[in-house]
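J.: I'd like to ask some things about the structure below.
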Amino acid sequence: MPQAIVALVGKPNVGKSTLFNRLSLREKSIVHDLPGITRDRKYAKANLFSDLIVVDTPGLEFAAAGSLEFNMMQQSLVAINEAHIICFVVDAITGILPIDEECANLIRKHNKQSSTILVINKTEKPIILDKSYYKLGFSESVCISAKHGQGIYELGDIIQNILSEDKKINFLTTTNTKCEYNQQRPELELAIVGRPNCGKSTFINAILNEDRVLTGPQSGLTRNSVEIDWEYYGHLIRLVDTAGVRKKNAVTQSCELLSVNDTFKTIRFANIVVVMIDATRGLEQQDLSIISYAVNEGRGIVLVVNKWDLIKKKKEFQKELSRLIAYSVFQIKGINPIYISAKEKFNLESVLQQCVLTYASWQKRVTTGTLNQWLAKAMSNSPLPFQSHGKRVKIKYCTQTKARPPTIKLFCNNIESIDESYKRYLINNFKLNFDIAAGVPVRLSFVKGKNPYR
């Protein structure tokens, strides 16, 4: 069924993100007292009301072309242009300021077809609307408190009335399919993570072939995780751009801490994590920490080295990187980094292909019979050690208990006698035998006992 797009627009710090979270019933946008936290458009299904997509936008600030504030405003203008309904959010505490009047004029200029609702936020206490609110020129208005949920259903009633009465709204003319949340759950949740300024947002813009998220030389431009639904050769993919992750002791501002926590939350909910490394800085401890976290969460890993066009001694770089990976993260032993230049759009297709292949491996299942045939052969090629009293350790049976990632339960007579090196042997042999991508962690669970099926 077609979905209407409702854009939340206004100057910084009027409560757009709080309202966005309230309408979507999920804390998808970071809320902070510091202005300018939201820098990209964020879309979500409005769970309070059926068939609506709600859009959070950066605060409108009028600045010189090329500045961060100007680029943020361009993001807001995209939302204004594509919206069926605009919720123009103002702050009841500050009242109407000249910047609010400028915002109202901007909305009228860039979207003459849509209906606009004046949403007066932060009205925890009753207020009397003076003429400055009416001078903005919008016929529909509602007082709310996004923080406490007051007036939200009244806002919903106004939206539903506009949708049912306004004949100018034609959902079938909506062309921006990237912004709409597909009713079908995305097949693949793909998170792009890494240190600040390694090129995550540039990579996403390059594969989408549009300036979807903010980019620039400044470190830390992305603060919220930004979700974008996108189709790749029949695969419905949710791309998630994330805030860069610095070392813990380097994070001093509370807003950055919220951004980092949001990134780690994104990793936990992703299927595949593209860990992006800045080639000009090489593999650092923070990259390894991100990889280890994603592996421990059971996510599939695709390792990408960006800014490859800036490296002169390429063979030496590749050799050293392979050595560091093999030494540091055994769970993804043998992973082949993909070398790209997001800026030059070099080798991006290889990343997407590897993501799809890794996803297939990540959710792979092996029948119990085939699994036990593999186990017998693996133990025959490399027998388990003897116990102290001369009896050989035996793994009697195994079964796959889950996929995403593959998890194998093994029944044996002495768990303590199976050392880490033999566990690594089994994992590597399993991956090799069943063509599991190197970036997929495989989990082994050892249980003391007999074959439960005998």
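Each Cβ is built from the backbone N, Cα and C atoms, and glycine gets one as well.
From a predicted model like this one, the values you see are computed outputs, not experimental measurements.
Features from Swiss-Prot:
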- 10-17, 56-60, 121-124: GTP 1 binding site (BINDING)
- 194-201, 241-245, 306-309: GTP 2 binding site (BINDING)
- 4-167: domain 'EngA-type G 1' (DOMAIN)
- 188-363: domain 'EngA-type G 2' (DOMAIN)
- 364-450: domain 'KH-like' (DOMAIN)
J.: I'd like the number of other C-beta atoms within 10 A of the C-beta of Trp308 (GTP 2 binding site), please.
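T.: 21, counting other Cβ atoms within 10 Å of Trp308 (GTP 2 binding site).
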J.: Considering the binding-site residues Gly10, Gly194, which residue's Cβ sits among the greatest number of other Cβ atoms within 10 Å?
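T.: Answer returned by the neighbour count: Gly10.
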J.: Which of these binding-site residues is closest to Thr57 (GTP 1 binding site) if you go by CA atoms: Lys200, Thr242, Trp308?
T.: Thr242
J.: I need the nearest neighbour of Lys16 (GTP 1 binding site) among the binding-site residues Lys200, Thr242, Trp308, using C-alpha distances.
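T.: Among Lys200, Thr242, Trp308, Thr242.
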J.: Spatially, which candidate from the binding-site residues Gly10, Asn13, Thr123 is nearest to Val245 (GTP 2 binding site), comparing Cα atoms?
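T.: The smallest Cα gap between Val245 (GTP 2 binding site) and any of the binding-site residues is with Asn13.
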J.: How long is the line from the C-alpha of Asn13 (GTP 1 binding site) to the C-alpha of Lys200 (GTP 2 binding site), rounded to the nearest angstrom?
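T.: With distance taken Cα to Cα, Lys200 (GTP 2 binding site) is 26 Å from Asn13 (GTP 1 binding site).
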J.: Please identify, among the binding-site residues Gly194, Lys200, Trp308, the one with the smallest Cα-Cα distance to Leu60 (GTP 1 binding site).
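T.: Result for Leu60 (GTP 1 binding site): the nearest of the binding-site residues is Lys200.
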J.: What residue among the binding-site residues Asn13, Thr123, Asn197, Thr242 has the most other CB atoms lying within 10 A of its CB?
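T.: Highest number of other Cβ atoms within 10 Å: Thr242.
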J.: Other than its own, how many Cβ atoms are within 10 Å of the Cβ belonging to Leu60 (GTP 1 binding site)?
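T.: I get 24 for this one.
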J.: To the nearest whole angstrom, what is the C-alpha distance linking Thr242 (GTP 2 binding site) and Gly10 (GTP 1 binding site)?
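T.: Thr242 (GTP 2 binding site) to Gly10 (GTP 1 binding site), Cα-Cα distance: 24 Å.
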J.: Could you say whether, by DSSP, Lys200 (GTP 2 binding site) belongs to a helix, a strand or a coil region?
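T.: In the DSSP reduction, Lys200 (GTP 2 binding site) maps to helix.
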J.: What three-state class does DSSP give Lys16 (GTP 1 binding site)?
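T.: Lys16 (GTP 1 binding site) sits in a helix per DSSP.
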